[in-house]
Amino acid sequence: MASHFLLLGILAIVCSTALASDPSPLQDFCVADLKNPVLVNGLVCKNPKIVQAKDFSFSGLNLAGNTTNAVGSQVTPVFVAQLAGLNTLGISMARIDFAPGGINPPHTHPRASEILTVLHGTLNVGFVTSNPENRLIMKVLQTGDVFVFPQGLIHFQQNIGPTNAVAIAGLGSQNPGVITIANAVFGSNPKITSDLLAKAFQVNPYVINLIQSRF
């Protein structure tokens, strides 16, 4: 009997691991039909007989993003919404441009790990492990360096060089999702109550109200 429970436990672990990423394709490809109103876990496939080469291509990553904003960076995503051929393939990518001093603020990807390659410039990058350690793992990257951010962990990038910087990120989901911590905590709709956040951050509610007014 004990061996049966052990077998069931192993099967449960294997099944949960198999289901913990984007669905695997059951055909050569499943180009997303972005106009189909049917809601599924992913996107409905376009009829393969009308699929064309343009469904598998994206142009524009050679163009610099506009970094004249509050954080001094711009992310150009190539997710399934921009490249329909990514549907069910479990991958995507993005270009990230940084002005000097610009940051990609602390954020998470709930559905993907990320691998970042610096194409130009000097970036200070890092992530924070989960509770209770909350350990900061951080490194300065130069052109050609690569760094990995594990799925779901808070991470960031900062341009610490004197010139613009560019990086390319690969992600393990067609739709990795992005949760920017500051936006989520201080800019939610409706707002999280200031007394709750004041207790969480151990500050005066006035401070919370001031921060929330900026989001």
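Just so you know, glycine gets a Cβ as well, placed from its N, Cα and C.
As annotated by TrEMBL, signal peptide applies to 1-20.
The annotation disulfide bond is assigned in TrEMBL to C30-C45. Every protein chain considered, the tally of other Cβ atoms within 10 Å of the Cβ of C30 (disulfide bond) stands at 22.
The feature domain 'Cupin type-1' is assigned by TrEMBL to 59-209.
The Cβ of H109 (oxalate binding site) lies under 8 Å from the Cβ of F149, Q151, G152, L171, S173, P176, G177, V178, I179, each on the same chain and at least six residues away in sequence. If you look up TrEMBL, you'll see N104, H109, E114 marked as oxalate binding site.
The Mn(2+) binding site annotation in TrEMBL covers H107, H109, E114, H155.
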Distance between E114 (oxalate binding site) and H155 (Mn(2+) binding site) at the Cα atoms, whole Å? 10
Can you name the residues of this chain that are 6 or more positions from N104 (oxalate binding site) yet have a C-beta less than 8 Å from its C-beta? V71, S73, V75, I96, F98, F156, Q157, Q158
Here the Cα-Cα span from H155 (Mn(2+) binding site) to C30 (disulfide bond), rounded to a whole number of angstrom, reaches 31
Near H155 (Mn(2+) binding site), how many other Cβ atoms are within 10 Å of its Cβ? 22
Confidence summary (mean pLDDT) of the domain 'Cupin type-1' (59-209): 97
